[in-house]
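Asks: Have a look at this one before I ask anything.
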Amino acid sequence: MSPHDPNAAPPAAPTAYPEGAARRPGRRARWLGSAVALLVVALLCGGAWWLVQRSKAPVGGAGFPAVGGPGGPAGPAGPGPGGGGGGRAQVTVGEATARMASLPVTLDALGTVTSVATVTLRPQVAGVLTQVLFTEGQTVRKGQVLAQIDPRPYEQALMQAEGTRRRDEAQLENARITLERYRTLLSQDSIARQDVDTQAALVKQLEGTVMTDRAQERTARLNLDYTRVTAPSSGRIGLRTVDAGNYVTTGDTAGIATITQTAPIDVQFSIPQDRVADVQGAADAAAAAGLAVAASDRTRTTELARGRFSTLDNLVDTTTGTVKGKARFENADGRLFPNQFVNVRLQLREVPALVVPVTAVRTGANGDFVYVINEDRTVTMRKVRRGQATVEWIAITDGLQAGDRVVTEGGDRLRDGARVQLQGPAQGASGPRGGASGAAGAPGRRQRASGASWPAGGEGEGGRRHGPRPAAEGAASAPAGPGTAPASGARGAGQP
């Protein structure tokens with residue numbers, strides 16, 4: 001057939017390839033999936049960045065940055081972000097008012113309880129211990145009979161000494177009568193003077209013998225008394241070291257028991273040599289009443305007794321650079337025990353100081369700081385300098401003024417500029433209402449869940465505990481600079 005034949009059939013269409021048709025839709029699906037994944041990752045990164053920036057900024061009442069935003073701290077009742085409306089829950093905090101008070105200046109030291117008198121009960125004569133008349137741990141009085149040694153040998157010795165004395169006294173009496181006769185005969189010139197002198201010497205000899213006999217009799221009587229072992233001092237007797245039936249001697253170093261005087265009782269402690277003049281001066285100033293001393297347990301959580309400072313040693317220990325001191329305690333309740341370890345606190349004097357509770361002061365990267373509560377219920381982080389401290393109070397030497405309100409509880413959840421809710425009276429308690437409007441966002445007022453409010457520093461719990469309302473915010477010292485950091489672990493008011 002000719003290729004130019006008009007009757008010839010048209011050429012067939014090219015054959016289709018199903019494989020190619022299937023490949024093109026699969027490649028488009030993969031590109032679409034990659035684009036969706038990239039979009040999701042971008043959204044996640046953007047959300048994370050927004051959350052980080054949001055957590056770094058001070059939070060207003062509605063959860064937006066309070067700095068520079070409308071309705072922030074400058075307008076707490078405004079409707080804009082950061083106003084007094086809803087959003088993140090405000091942190092409920094405890095408060096206290098900085099005030100002037102007399103703060104004691106103290107000196108702490110480590111001490112050991114020592115008995116005023118420690119006596120070992122030893123026998124003064126040898127013999128068989130027939131009776132033990134005390135109970136271990138008993139409180140005994142001076143002169144009380146505590147043990148009995150077999151007295152029979154000493155009774156016999158006393159009788160023998162008494163008999164010897166009586167015999168020699170009879171001989172002395174006879175010699176004196178003979179001497180008087182000789183002197184009469186000498187006056188009549190009937191005897192030689194030699195005989196009179198000899199008789200006079202015999203009388204003196206017998207007088208010496210009788211004197212010796214009397215001393216031996218007293219010794220025998222004293223030994224008999226020593227068979228009754230008595231307490232040499234009052235105090236608490238310890239564990240006995242020997243039982244009845246044993247032979248005891250005067251050379252027994254352990255003795256029968258030990259007696260320690262526990263009321264009153266002493267505490268010995270050491271102070272640095274640099275504080276000797278301070279302590280001695282305070283002791284001299286309080287000579288009449290005495291320098292107050294408190295003894296507490298090793299954890300400083302329980303006060304055991306209160307006493308008075310006694311004296312300082314007369315030399316410095318060159319090894320430790322300290323001087324020993326002593327204080328005396330009545331210890332009527334027996335809470336102090338010999339050789340007990342205690343912490344000693346000497347109250348040297350009292351000084352006027354601006355004080356706040358110790359829980360109000362926190363420590364950050366830039367030093368000590370407190371959260372000051374402003375009139376609009378925001379807090380300002382302010383650097384302070386601390387001074388003397390007690391268990392409950394601490395002196396502030398710089399950074400606060402009398403009347404400033406500070407946060408005492410809940411500060412670990414705050415940041416500079418955060419809004420707070422002040423603790424009010426118990427639920428259901430009645431108190432003076434606010435103004436006619438009763439606006440929840442009015443500055444300087446406390447909002448309860450029931451809707452009742454109290455003036456700041458008024459009849460609420462904080463006002464009753466911590467005194468009058470402080471001065472206006474403008475009178476307070478400036479807040480800490482931007483370099484001030486909160487204590488480690490502090491979080492924003494709204495952070496979980």
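Glycine is no exception: its Cβ is also placed from the backbone N, Cα and C atoms.
Source: prediction; values computed, not measured.
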Asks: In TrEMBL, which of 1-21, 127-147, 190-210, 379-399 is labelled region 'Disordered'?
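Replies: Checking TrEMBL against the ranges 1-21, 127-147, 190-210, 379-399, the region 'Disordered' one is 1-21.
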Asks: Select from 158-185, 214-241, 242-269 the stretch of residues annotated by TrEMBL as coiled coil.
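Replies: Range annotated as coiled coil by TrEMBL: 158-185.
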Asks: I'd like the per-state residue tally for the domain 'Multidrug resistance protein MdtA-like barrel-sandwich hybrid' (118-260) from DSSP, helix first, then strand, then coil.
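Replies: So the counts come to 70 helix, 29 strand, 44 coil.
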Asks: Could you tell me how many residues in the domain 'YknX-like C-terminal permuted SH3-like' (353-421) are helical, how many are strand and how many are coil under DSSP?
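Replies: Residue counts for the domain 'YknX-like C-terminal permuted SH3-like' (353-421) by secondary structure: 6 helix, 40 strand, 23 coil.
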